[in-house]
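Contents: one structure, followed by commentary.
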Amino acid sequence: MKDAERIPGPKPLPVVGNLFDIDPEHSLESIVAFAEKFGPLFQITINGEKQIFATSQALVDELCDELRFHKAVVTGLEILRLLAHDGLFTAYHGERGWGIAHRILVPAFGPLRIRNMLDDMSDVAQQLCLKWARQGGSTSINITEDFTRLTLDTIALCTMGFRLNSFYNNETMHPFVQSMLYVLREADIQANLPGIANSIRVSAQRRMHKNIEAMRTMARGIIQERRKNKNPVDDILNTLLNGRDPVTGEGMSDDSIIDNVITFLIAGHETTSGLLSFTFYFLIQHPHILKKAQEEVDETVGLAQISAQHLAELPYIDAILKESLRLMPTAPGFTVTPKKTEVLGGRWMINAGQPVNVLLPACLRDQSVFGPDADEFRPERMLAENFSKLPPNSWKPFGNGERGCIGRAFAWQEAQLVVAMILQTFDLVPDDPSYQLRIKETLTIKPDGFRIRATLRRGQTATGLSRRSMLVARDGSSEESSNHPAEARGDHAPARGQPVSFFYGSNSGTCKALAHQLASNMMSRGYTTQKLAPLDNAVDNLPRDQPVIILTTTYDGQPTDNAKKFVAWLETGNVLSLQGISYAVFGCGHHDWTQTFYRIPILIDDLMYKAGATRLAPRGAANAAVSDLFSDLEAWEETSLLPALRENFLPSNSTDFDPLNPHQIQLSLSKPRRVDLHKGLIEAKVTAVRVLTSPDTPEKRHLEFCFQGDLSLRPGDHLNILPVNPPSTVSRVLAQFNLAPDYNITVNSFNTLGLPQATPVSASELFSSYVELCQPATRNNLKSLIAATQSDTVKQELNRLYDSYEFIVRDKRVSVLDLLEQFPSISLPIAAFISMLPALRVRTYSLSMAPAFKPSHSSLTFSVINEPAWRGSGQHLGVASNYLASLTSGSIFYFSPRPAKETFHLPKDPSRTPIIMICAGSGLAPFLSFIQDRMVLKQQNKPLAKAFLFFGCRGRSLDDLYHEELSEYEAAGVVEVRRAYSKTPEFDIAKGCRYVQHRLVTEGQAILSLWAQNAIIYVCGSTSMAKGAEAVLQNMLGPLPKERYVTEIF
C-alpha cells in the first residue's frame, strides 16, 4: 500500500485552531464551504481536537460498514448526555443500558404498531388544519413553530397517550420546547468553545442544568401519571415501563425510562418539524411541483379521511419528502469511528477511536451520484424506479445501521400524512415572496423566519372543516368516502338491477349497520345499491330516478351528527320541490325517551312529504327497548318496502328469494395448499377427545377420529400426521421480523422445497404450515448468522457455539429463531431466515385403536410436550403433540397410513403364540390396538393364547391410562395387566414396583413359562425403559432373537 496521504483542511491557528474560520451563528454553512474547497475528506481543529469530515458517497459507503466502524458520541451530542445519558440517541457504543432499551423498543416500532398510530396522528394534524382554517388566508403563519407544535403533540400522544395541547396556546411554545431549544442551542455553543471559555460561562451552565431538570421533571410526571392508570393502553410508554429484554430478561430502570422518554420527545419531533418546514419551503418555491403534488392527493384521496392505504398510493409525496431531506437533512450528520486503524478511500489513515463526521448536506449533493443538478429540488429523482438505482448508502438522513433512527417509520408516516392533509385542504403562498432561505442551527437545522399564508381550497369553510373532522372522529371514517356507489368501493358484489340509494343518520353505528344490511338484502332481490352514505351527503343531492331509503334515529332529541345538515336543509323551507323523489323512512328509537321517541324519523318523513316527495311505504319503526332492530327491519322490508318497490320500481330478472342463501353467495371449497405438498394425505374428522391424566401430571390425551375408505391398517401400524406449528412459536417469528399475521409473503425460488411457489401466502400461514421453526440450527446456519452481525461480541459468542456445536446447539435443540432472539443485533433478512428452515415434516404416531374394533375409525394416544427448553430458557413445545391437543370434536386434520415393520404386528396364529407387551406412558398406544384386536377375536369365539401387558406410569390417580378399559379386557380374558407405579409403588396393584423392569422380575416365572411356549415380546417406549427391560430379560431368558424380541423406541 502506498503511504497514506495527509488529510487536507484549513490551517489552524495556535490554541484556537480553526475557531475563527467558523461563523458561530452558521457553523454548518461554514463547514460545508470547507467541503467545496478541500474535497471529499478534510479536517479542522476545534478546541485542540481534530475533527474529520467526509463529504462524498464513496467515503460514506465505507464509513457505513459496521464491520469496520461504529457510532461515536462526540461534541454537542456528548454534551447532551447530561440530559439523556445512555438513551437511544446519546449512548456510547456498546453501552449496556442502550442494548436493553433497544432490544425492548425495536419491536414496538414495527410497521403494524406504526400503522395503528395513524388515527392519533390524524387527530393532531386536524388540529393544525383547523387552526390555519380559522385564522384565515390573510394571516401570516410561522410554519416552523406550528410544525414544532404538531410534531411534539403527535409524538406525545402516539407513544405515551399524553396530550400537550400545544395548539391551544398560540402565544408561547410548550415549556418543554422552550427548555429543549435552549439545551440544544447551548450544547451546540459549548461544543464550539474551548473548555476554559465554557468554564467561565457560569450563568449559562446554571441555566443549562435548570432546563435539563425541567425536562426530566416533565418526563417523570408523564411516567408517574401512567403508573396511576390501572388500565394502560398498549403504547410505547407501556413498553418502556413493562417491557423485558429478551436477552437479559431485565426491564428498564426508571432513569433509563426517563432518558428515553426525553429522547423520544426531542428526536421524535425536532427533526420531523424541520423536514416538514423545508418541504413546504421547497414546494412554495416550485409551484409546478406543488400543483403536481396537490393533484396526486386529489386523485388518490379526494376529500376522504386519509388512510394508511392512501399513504401507500402517494409516490410523488414520498419522493418530495425524500428530496427535501436530501437537500436539507434536518439532522445534518452522524459520527463514526473505526474499530481499528483504517485507510479510508485508499488514501487517508484514520486511527482507531478517531471520530469521522459524515457531513450529510455535502454527501447528499454529491454530483457523481445525483448529477450536475444535485443542488436543485427535483423530486422525480427520488421516485421508486430512480431511488432504487442509487449507489449504496447514497441517502442516509436517518443515520446508519443499528444506531440508525429507531423511529424512522413513525416520522415518515407522520410527514406523509401532514403533507397530504395540508395539500388536501389548503392553497399555499409565501407570506414574503422575496424571502431568501436562512438556516437556524442548533444540533438540528430548520428554516429561519419562513412564513406562509394558507387559504382553504374548493370553497371549504372552517366550520365545514371542523364538522368533517368531528364526523371522522366519531365514525372512524370519512363521510365523503362513502359517496361513491357501493359497488365501486367493493362493499357489495356488483349487480345490474334497479338502483336504490340508502342514506343513514348514525352516531353509534347502529343505523349505519342497518343500512348496510338492508342494502345487502335488496341486492338479493335484484336491486343495485347506487349510494350508501350519511344523510348529510343527501343535501341537494337526492336522486329522482331511483327510490331513496332513509334509516335514522334521534340523539338527545336532535339529528345525529351526520344528519344535522340534512335536517336543517329540510327545516329551512328553502328546499326546492322534492317532487319526483320517491322515498321511505325507517326509524329507530327507545321508548324511555318519551319526549323524543322517533322525533327525527317522523320529522324527516313529514318534511319530505310536504316538500312534494312521494312516500313509497309507511314509515318503519324499531323500538330498541323491546325488540331486535334487525328483525324489525326485516319485517318492514317484507311487509311494506318490498311490495311498494315491486309496484313502482321493478327489479332486474332475479330468481325467487332463497331464505337459506338470501344473498345468492357462490363459493367453492378446496383443501389447504399445504396438503397438496404431501402425497397420500387423507382427511379425518375428530369425533372425541379426552385428557387421560390428572392436572398436575404431564398431559396425555386420547383423540378419536373417523375417515372414509378402507386403509388396510393393522394393529401396530402408524399414522403420519401433518401438523402446524404452535401459535406462540409463530408469534415469536412475526414479532422478530415485525410482521402482522396477515402480511402476504410470496416465495420465488427454485431452491426452496416445501413452500408454495410464486403464490402469496399470509405470514401466519407460511410460518404455521410450511416450515420447521424449532429445528436445531445447523453449522451453516451459524456461519450465516456470524456474517449477519456487526457486533464483535456476538461474533465471538456465535463462534463459541460453532466450536461446541454438538453439545450447545444440536443436543440442546437451539433453533435459528432462538439465536435471533438471543442476539438481537443479528440483522438477518427474512428471506435468509426462510431459506434456513426445512420444510415442515409429518410426525409419526402409533395407532391406539384396532381397525377391526371400530371400522372407519381410529385413535391416537399421545403425550403433550410442553416442558422447559433444554437451552435453559423458555419452553419447548412439541409441534405435533400441541397441534393435536388443540383439536376439538369436529376438527379436521390430515394423515397418511404408514405400516409398522413386519415383526411389530400380532402373531399370525394368535391362538398358539403368547405375547408379552412391555411399555410405559403413551407407549401403551400400539398395545391397546393389539388388545382390542384380540377382543374382537374373543367376541368371535376364537381361541387366544396368553397375553401379558407390563405397563409403567406414575400412579393410579395420576396417569394410569385407560384403566377402566383395560380392566374390562382383563375381565374378558383377553389380557393380564401388570402395573408399576413410579410415584406410588405401595399400591397393591403395583406390588411395590416403581418401574416395569422391576415388575418383570416379580413375574419371572410367568415370563419363563410363556417364553417356553415361543412367546413374542414387544417393547414400546423410551430408550432408558427399553434398555432396563432388555437387561432384565437377557438375565432371565438369555439371548433374545430378533424375531421374538421386537422393539419400537421413541
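Including glycine, each Cβ sits where the backbone N, Cα and C put it.
Cys405 (heme binding site) falls within neither a helix nor a strand when secondary structure is assigned with DSSP, and so counts as coil. The heme binding site annotation in Swiss-Prot covers Cys405, and the record cites similarity to another entry as its basis.
Taken from Swiss-Prot, the feature FMN binding site covers 506-510, 585-617. The number of other CB atoms found within 10 A of the CB of Ser506 (FMN binding site), across every protein chain shown, is 24.
Annotated domain 'Flavodoxin-like' per Swiss-Prot: 500-641, in sequence order. Predicted-model confidence for the domain 'Flavodoxin-like' (500-641) is 85, expressed as mean pLDDT.
For 679-907, the entry in Swiss-Prot reads domain 'FAD-binding FR-type'.
The region 'Disordered' annotation in Swiss-Prot covers 461-495.
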Counts of helix, strand and coil residues, the domain 'Flavodoxin-like' (500-641), according to DSSP: 55 helix, 34 strand, 53 coil
Residue, out of the binding-site residues Lys610, Arg615, whose Cβ gathers the largest set of other Cβ atoms within 10 Å: Arg615
Pairwise Cα distance for Ile600 (FMN binding site)/Cys405 (heme binding site) [Å, integer]: 53
CB contacts for Val585 (FMN binding site) [other CB atoms within 10 A, all chains]: 27
Nonlocal residues around Asp605 (FMN binding site), in sequence order (Cβ under 8 Å, 6 or more apart): Val585, Gly587, Arg615, Arg619
Integer Cα-Cα distance in angstrom, Cys405 (heme binding site) to Lys610 (FMN binding site): 64
Most crowded position, judged by CB atoms within 10 A, among Cys405, Ile600 as binding-site residues: Ile600
